[in-house]
Amino acid sequence: METHPSLAVKWSCPDLTIYAGEVTIGEEDRNKMDSKKRKLEKTRITEAACALLNSGGGLIAMQMTNKSEHPVEMGQDLEKSLRELIMSPNMQAFFETKQQEDQFYIFVKSWSCRPEDGSTKPRICSLGSSLYCRSITSKVAMDSREAFEFLKDKKACIKYRPTDDGAPPAKIPRAMCQNSLESNPAFEIFQSKKLEYGQCLLFSESTSIEFKQFSTKHVQAYMKNIIPEYISAFANTQGGYLFIGVDDKRIILGCPKDNVDRDSLKTVANETISKVPVFHFCSSKDKDKVSYETRVIDVFQEGNLYGYLCVIKVEPFCCAVFSEAPISWMVDKEKGVYRLNTEEWVRMMVDFGPEASSKDLSKDFECQLSLCNSPPHCRPVYSKKGLQHKVDLQQRLFQVSPDCLKYTPESLWKELCSQHKRLKGLVKQQIRSFSCGLLILYRSWAVDLNLKEKQEVICDALLIAQNSPPILYTILGEQDEQGQDYCNHTAFTLKQKLVNTGGYTGRVCVMTKVLCLSSQNNIETNGGSVSPINYPSSYNLANIQEMQDLLQALVIVLLNFRSFLSDQLGCEILNLLTAQQYEILSKSLRKTRELFVHGLPGSGKTIIAMKIMEKIRNTFHCETDSILYICENQPLRDFIRAKRICQAVTRKTFMNYRFKTNSFQHIIVDEAQNFRTEDGNWYGKAKAISRRVKSCPGMFWIFLDYFQTSHLKESGLPDFSRQYPREELTQVVRNGDKIAEFLQKELQKIRDNPPCSIPRQSLNIVHEFKWSQSVSGNIKTEQFTLEDMVIYVADKCYDFLRKGYSLQDIAVLFSTDKEKKTYESMFLGEMRKRRRASEMNHAYLCDSNMFDSIRRFSGLERSIVFGINPIATEQPISHNLLLCLASRAMKHLYILYFSTPEGHSSTEAC
């Protein structure tokens, strides 16, 4: 990673600030400067602006070398450079300036690719693409917009280009163009062994031919300078020949042998070309190679060796060739200002999101934040269709009313005021000048932003008000010298997340103010903020619409989680929690040490379990080895273990006397309805571990769903009446409509005739069942002989794979682990036949991870689920087993029973 040598990141205020050193400001004074120094200053300012545009916006601070009592303009050269950077005459769209005494500031708004002038903009901002192409006889540098279109076309071309016999797409254009280059009139000269000084070539410059002279004695430096750009231009167009040693009149001059020798010419050319960066969209094995050939031809004068002509034949490249790494910068408080490498730059430029890789995504999910109009670091955000949109979530959680300043959540405000007598008066004094907006209170805003909690903080309050920038108030009981740093860091993180996660594209900086209950004099009492810099009024939220836009970005910041679809789609996307899930997650952990969460199938219990473990780490400043996650089955254990947020074990391992529990303080139990007591009292042991530090007991949260009970034995849970405090998750977010309808019917059957091991009171939750209706899904129930069933499943899997699904989308589940072991090899064998008989290269079909038992697969999900003869060995839980099976399927559910050949029957719902 290349860091900037002369740009420093400052920590003095809650914004991303780059200090650019001493700079001359003002047109008159800049015109008097030494041209080299003026250019260096301009480059430094432009690179700082590029870094901030690409990193969420911020502030460029500089010390004015020319003292002035009156405001001065920036300077025409600086303004022009910034306009060229954003490719727009409207500099005010991204920049504002302010002079304070001898300090000059440029306020930078985050870059976004939203088309403001009707033209498409690239995903990131760059000073130069380092991509070249040929235009008739010229080498042309592509600007960022042209580079974006070029890369987009290359990616699309590779994606849809046919191949012969499975050959990499890269091989086809290279072979096709070989004959074209050899038929070029320059090829005959390229093949020559000697030429005459002063000879006139019979062809001229063209798209595929360029003449350059050795016009300097510094031959090697000259070649290193020109070769990369021409290699890029020819390779990105149709290939061609670079003649070094021919003038514009087609006369061969060569390079005198006194200035260079033959071997060094070829070595310099080859070494220079070997350093040229390339990027592949295709599957070419020649990942780092430009295909070229260098010839050094002797040039004779009157029969004597005079010098050498260097000719480089360049073949067209399958993807993209650069002259050097693109010139694009980013900034981070930890890394400083750093330059993107070629791969990082290309991936950000052509990051179109998951729409291009999944046609079904738009059918099943609604886009909440798209990459096509958001800042560079944003990830796309989707919610399952039928769930609340970010606009609806904002209205429910953070509603803004005209001429009304509200405190939210009201219950927390009342609780805090009852605990701290001076709090109400102090806060009201701070915000008395605001009449429209919200004061959003948290015990710790830091925890909800994935930062460490500061225990001395009574609460944090975020003010979103009209005619004001956002202000974060940190309220302390006693004076604390670290309080302002905490507040600044929290505000800075919030601002960055509003832009880079929430997708907010307006101007924003979260101002800070630390208040102390014990102090008799909190100096600023008019709602102002502690900041050494006066921000422009454009950073104020001007009206309710701007407040709502910011609050919708805040909804994404607070409710997002990494979608399980990310791994399947090959790119990171985010989903949003439901309001019901968020309300459980936002509970104060210090006040809710123990909690039973009852959730209906597909309501997101495991998601909440993962999110709560992340919150535990930040609230209690603990490491992953202090948090223990316990479940019944190995697949769910492995899934959680891969997240690296805790130590994950099965209940059986937890109860093993060899298992050491000394380091654990917090315990999360998932799928607890399927626990057993055969190895001892797991509940008593877990509770004792979480309570062993009496002065600060740990967290003990239990997630369960009695409807998904898969056995009739004692679970070890306390009586239902003693499961308190208790919360419920009743909104199904996983399954398609037809599957959800099936779940509802099975839930009612269990409710009407429950197994004796399930407490009847726990089943009343079924009356609250609801799901998001809009994703269709389908269910099919069939009866087959074993032989026909194996063929049916293999055919269906093959069809799904041809439609673009992967093996990670499919699960084949058996009633018991014994049946899985008995029949798995038969299903695998039939699937391998399909692979061998087709052109599809699914070598990984040999992997058996898609096969499991219904019980072991508890807590996991797949788009497509086959249930193989789902008949419970214990009749009272037959509907529970069916419910467990169905709840694993998001879109397609196949319930397949064994029958005699004569007994085949079929029912379908779709």
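Each residue, glycine too, has its Cβ placed from N, Cα and C.
Under the heading active site, Swiss-Prot lists Glu205, Glu210. What Swiss-Prot lists as Zn(2+) binding site is His280, Cys282, Cys319, and the listing cites similarity to another entry. Taken from Swiss-Prot, the feature ATP binding site covers Gly599, Leu600, Pro601, Gly602, Ser603, Gly604, Lys605, Thr606. What Swiss-Prot lists as region 'N'-domain region' is 1-354, and the listing cites similarity to another entry.
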Averaged pLDDT score, the region 'N'-domain region' (1-354): 89
Sparsest Cβ surroundings (other CB atoms within 10 Å) among the binding-site residues Cys282, Leu600: Cys282
Pro601 (ATP binding site), number of other Cβ atoms within 10 Å: 23
Extra residues within 8 Å (Cβ to Cβ centroid of Gly599, Leu600, Pro601, Gly602, Ser603, Gly604, Lys605, Thr606), ATP: Asp705, Leu729, Val732, Val733, Arg734, Ser887
Cβ atoms near Cys319 (Zn(2+) binding site) (within 10 Å, other residues, all chains): 20
Cβ packing number for Gly599 (ATP binding site), 10 Å threshold: 26
Minimum Cα separation from Glu205 (active site), reported as the residue among binding-site residues Cys319, Leu600, Pro601, Gly604 that achieves it: Cys319
Residue, out of the active-site residues Glu205, Glu210, whose Cβ gathers the largest set of other Cβ atoms within 10 Å: Glu210
All-chain count of other Cβ atoms within 10 Å of Gly604 (ATP binding site): 23
Rounded to the nearest Å - Cα separation of Ser603 (ATP binding site) and Cys282 (Zn(2+) binding site): 40
Largest tally of Cβ atoms lying within 10 Å of a Cβ, found at which of the binding-site residues Ser603, Thr606: Ser603
Around the Cβ of Lys605 (ATP binding site), the count of other Cβ atoms that are within 10 Å: 23
